[in-house]
Every structure is written in structure tokens, then in C-alpha cells.
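As given in TrEMBL:
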- A:6-25: transmembrane segment (TRANSMEM)
- A:8-382: domain 'Cation/H+ exchanger transmembrane' (DOMAIN)
- A:37-56: transmembrane segment (TRANSMEM)
- A:68-91: transmembrane segment (TRANSMEM)
- A:103-124: transmembrane segment (TRANSMEM)
- A:136-156: transmembrane segment (TRANSMEM)
- A:168-198: transmembrane segment (TRANSMEM)
- A:218-241: transmembrane segment (TRANSMEM)
- A:262-284: transmembrane segment (TRANSMEM)
- A:290-316: transmembrane segment (TRANSMEM)
- A:328-347: transmembrane segment (TRANSMEM)
- A:359-382: transmembrane segment (TRANSMEM)
- A:504-531: coiled coil (COILED)
- A:654-664: compositional bias 'Polar residues' (COMPBIAS)
């Protein structure tokens, strides 16, 4: 039995909810709130656009930029004029009710309704998972056509109040298009650069880093809107520009914060928008005119289909990968209208546009139709037409390497041909980026880090975190990789580390041993250690661990020696094989802790004396059991960051241990005890040098 | 000849410049004539659909996906043993990444790469494995240049 949500896209359901709520309020006798345009434009729309812009998959976007631009600009213009013109004709013919609507009004109406709406597109396309190309085409188009919409809207609105429209006005209008779009982008870029620059200096106040991102983006949006430039384009430009630099500068936590905040806000906004749409439908004054509405609907569809067909024919001449008819169909079908159209319509002035209500009714009808009908049917259609779906895979490092390789290759070939193609410009941009821009905008050493390495680190960290979370001994990256996570500044760290590639048998062996001796590793909480207390499963896992240890060792040491966990761990046989060498290492926390500021988030200083203390208690004959669970937990909670020192010692002091490889194997694993694996991920972002 | 190629400024800064140049020259020769030049560049022609239907019996056209991949593979594989060994991979990485990164790091990346791609456990990437890894990358589109348009 198919559930409702698999048939009906979320946006439809939300609108229905809105309708119900509106009906309820009206039924009670109150006046339901209408989606006011300023609320919409100022508060509800920006988060969605920022989310889209910040996480825009840049590569497919730039590769298809030409296509997207043509669809956005020419397509929207075509839609607007075609629709406007046809509606004018209909109005003239339509009888007494419609005769008075002038050409300008119709053109205005056309421009309002012709814009494909990013919110609606996002909502529907998210669920159907079509392949990246189509997604980015429709989505990119919906984002970029804002410039056109803004220009046309303001243009026609202005003109409506003129007595007469001259050619000069039209030409000015045409020019204003460039001003609006390029101006918007410029504003966005400026703010993006400022934001990136700011983030360079935030290494001491990590907590407010996300704030800068949001703040600057919002300011970009507002500034652009202030000057009647395209706010959406500004927002997107800001997000796109600031992203690489900001991500290089900010801490992992901030990055996660930004990501989830954006997702949250945009989700909330989207929901609210659709609900409000439903409520407004019930609340607004409607003027239903059959001819007008039906013909609007009809012509909208026709205009869209025609536009897409013609443009694709034109574009395919220039594309390497052509757009098949199936693609074209999806693109045409995906032209959903949404709340932006409604709000723009709502903004219309009663004085100039007496027929505002009729327009609004028509707009709402079109929106409903596209969202409900097209939204609902697009999924089965996608399945029916066997359109390629999105491939849900993570990028492997192989892909990254080879893609870069191919990029270089292609650039070279292009140079040989003297052909200034796509790769050539990209390469140039990259070089420029590396040479000048990165130096300014990224703090410290990270500016020299090549993209490949950054990617590699990211992957490693992700994998390490995954490993921890899954609590098991999954596939272990080659042992040496954890070392490299720490190794951001190769110059500062000793280079005589021996990093053998583990042969598979040895790996297997190690894994087996560890598997038998370690049981469940605790579910370690990640970078949020600081703020979360240890939960119960922690204790459980610890108990089990303890039991194991008890069993494994011949126990004369049934003492409760509540010393540090790491110290004990050194002794336990399960670890001893791996940690044979770590004894001497344990005594060197101090000197290594200078290297460690990179690792801990909290300043290491208050804690390192502690650690020294703890370490030094070792020789007092403790061997014993690891402390009791409660103590342990406390110990863990309090010194949650601390024990990373002994752990990392293993890495930093070269080759003392017999089995360095084993140690590193361990490090990869979520070994029990407060060994914040994700902390290792932290050094990935050096906190100032 | 090779010097002519090397006079192209962008190729000098391109990390893979030398290898690309070498790819043009067939075995052992030092001069490239137009035909050879064209053959190499033909690998980069965009794939067209109608070609596939024509050429079922004859040899595959030079710009088919597998030939494109073969071309790229040859650029990695210098000793032409049909495998990309760890060293060859290291060399390429070193060229692409520059001098700032330590050898061990590169080594670990190379190991990781091989580990990910290697299926028959020989610690080297054979052509089939190479193809498999890149199956998700849209090679036809990437490795195509529109000439003379």
C-alpha cells in the first residue's frame, strides 16, 4: 500500500494543510493571516536561497552555465512576452469583464507568472532524485531567472504609471537588466569576499563563526534589494564566493553548525511558505473569471513547452552532451510556479491595477495546478520514462585524483589546440585563485594546501568519524592515513616516521585480535563532547570492556586504582601488543603537547599539567583495573579532550614502539577510552600557528 | 618535434605537460607529423550517437569511451605494463600536487587510492579497475573538445 507521502509531494500536503488551517480560522470567524510580501521576501525566502547557493554543486553548475543562462534569461523573457501578449489578446476578445485590461497589465501579469520558482522546484525535485544534470538545469534556471523577473516586474510596474512608453524607456529597461543582474552578482561577490576575509581572523572566537556567514549573506541580500538589484543573485553569488574560503578557515564544528542551521532554516521557511500559500488562498479576495484563468493555465503550459523545445534545439548545437527529448520533457514539466509569483502579485498596487484580485486568483490557480498536478505526476513520469536517476555515491579519492588529472590533461590539450575552452578558463581561474586570492583569504598555512590534499583529509576525517559512530571495526583505511591527518605542516613535524603500508594479512591478523579482545566500543559522541554528557550506553560499553579486561588478564591486580584510563590501557594485554612502546611515550606528553594545541579545541594548557600528573602516577604500580565505571565516566567527561595527548604521542614520537603500525591501526579504531577520534580530525584545521 | 611543443607556454606550467607531449609521439620517434597529431587529438572528439550504429563490425572509433580511457591510462602508465603501480601513481600525484606535501602523505594517498580501486589485490591498478573507478565520472563529456566550430 503506497503511503501518502510517496505519491503526493510534501509541498502539496503542506498547501492542503494551509487550506485546512485557513478554512478553520475563517470558520471560526477570524480573519486569517495572509502571506504578506515583505515577510515573504525579507524573512522566508533568503534562507532557502542561501541554502541553495551555499551548497550549490559548483562543478555541474559552471559546466552548464551557458545552458542555464539561456534557459533562465531567454526562456523567461519568451514566457513573459508570449503569455502577456496572448492574454492581452484573450482579454480583448474576452468580453466585457476583461476588456479594460491593458497591454501593460497583461505583460506585467505575464512576467509575474512566467518565472520558475526555486522553492517549488526544490521541494519537488528533491524527492524524485533525478540525475544531476537535469536537476541543476532546472534549479539553476529557477535561481537565475530572478534577475529577469525583477527587471520585468519593476519595468512594467513603472510603465503602468506612465502615460506613454517611449522607445527610450524600453532601451533603458533592457540595459537595466544587465545592471540588475550584474549588480546583484557584484554585491554578492563583495560581501562574499568580506565574509571570507573576516573568517580568516576568527580563529579565536570560533563560536560566532557561523554568525558571520549568515550575517554577511543576509546583508548582501538586503543591500541588493535596497537598490532594486537582484537579491537572489546577490545571495547566491555571496554563498558561492565565500564558501571555499570560509570552509578552509572555520572549525569543523562551525561548519557543521552552518550546514545544519541552513538546512533547518530553509526547511522551516519552505514549510511556512507553502502553508501560508494555502491560508492565503482561503483568506484572499478572489475574483474568478473562467476565461482568464483557464487561458492563463493553458498558455503557461504551452509557452513553457515551446520555449524549452526551441531553446534546446538551439542549445544542442553548442553542447557536447546533447539534451535528449526525455530531458527536454522533464525540463518543461519541471517548470513549477510558486510562492514568488504569488508574492509579486500581492505586491501589486490596487490603484493601478484594479484587476489585482483576478490576477491573484489566476496566479494561485496556476501555482496549485503546477504544484499539485505536475508535482504529483512527475515522479511516476520519471519512472515511466526511465530517466536517469541520481547516483547516490560518495566521491572516492580515486575519482578526485583522476578528475583532476583529466582536468590538467584537457587543459594541456586545449592549449595545444589553441582553443580557449572551458578547461582553459577554469585552469586560469584556479591559478589566479591559488596565487593571490587564497593567500589573502585563508588563514595561515592552509592557504598553501592543494585541493587534493584538502579533499583527502576531509575524506579521512569523515571516515574516521563514521568508524567511531558505527562503533565497530569496519573497513580500516590504511594505517598510515591517520598520521597524515595530523600532518598538515610537514615541516614542523618530524619526518622520520615509518609508514609502512600494511600488508593485507597483517591487517587481518590485527583486526582479528582486536576484535576478539575489544568488544563493543562505546558510542563516542563526536566533536560535541564538550556539551554533552556521557550517556548510558557509554557506561554499558565500559562495563563490558571492563569485564573483558578482567577476563583477559591474570589478575592479581584487583585493586581499584582509579587512575587515568590511558595509563591503564597501556597495561592491558589487549592493548599491550599494540602499545608496547607506548610506555615510554606516555612520559612524553609534555613536550609533545606543544604540538598538540592544534588538536584540542579547548586550550590545552590547563589540561596538560593534569595529564602529566596522571601519567606520572603510572609507575606507582598501578596496573590494575581500569577504574570503575562512574569514575571512569567522570574521568572521561572531565578530561574528554585530554587523553588525546597520549594517543597522539604515539604518532608524534617516531618509531619508538615495536609495532607502530599496530598503534596506528588502533588509532583508527574507536578504541575504548576517551580517545576522541574526531579530535584527531581537529588538527586538520590548525588553530593558528 | 618536442621542442616545438615545449614552446607553448601553458604546457610548461601544466603539471602533466611533458607526459602529454610524449603521448603525441609514437614509439621511439622524435617527430610528429600531422597524421599522428590528428590521431592523438581524435581521442578527444565528442562522442556522437550515429557513429556507434555504423561501426559495429569495424574497429572502434578513436573517440569511444574506452579508447579515451585508454589514452588517459597510458598517460599514467609510463612503463607500459598495463598497470598503474604505486610508484607511477606517486609520480603523477607529485606532479599534480607540488612540492609542499611530504612524501609520506603522498604515499598514503597513493595507498588509499590503490586500495580503493584494487580488486584483484595486486597493489596496482589495471585498466579494468581504472575503467571501473571512473564509471561514474562522465568521461565522454569531460574528455571532449569541440574542434573547429
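From the backbone N, Cα and C atoms, a Cβ is placed for every residue, glycine too.
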- prompt: Is the number of Cβ-Cβ pairs under 8 Å between the transmembrane segment (A:6-25) and the transmembrane segment (A:290-316) three or more, considering only pairs separated by 6 or more positions?
  reply: no
Task: Using a Cβ cut-off of under 8 Å, list the residues of the same chain at least 6 residues beyond the transmembrane segment (A:218-241) that approach it.
output: 41-42, 45-46, 49-50, 52-54, 56, 58, 118, 143-144, 146-147, 150, 154, 179-181, 183-193, 195-196
- line: Contact count check, CB pairs under 8 angstroms to the transmembrane segment (A:103-124), set A:168-198, A:262-284, A:290-316, A:328-347, A:359-382; argmax is A:328-347
Task: Between the transmembrane segment (A:37-56) and the stretches A:68-91, A:136-156, A:262-284, A:290-316, work out which stretch tops the count of Cβ pairs under 8 Å.
output: A:262-284
- prompt: Who are the chain neighbours of the transmembrane segment (A:359-382) in space, where the CB to CB distance is under 8 Å and they lie at least 6 residues beyond its ends?
  reply: 7-9, 11-12, 15, 109, 112-113, 120, 123-124, 127-128, 130, 277, 280-281, 284-289, 292-293, 296-297, 300, 330, 333-339, 341-342, 345-346, 348, 353, 389
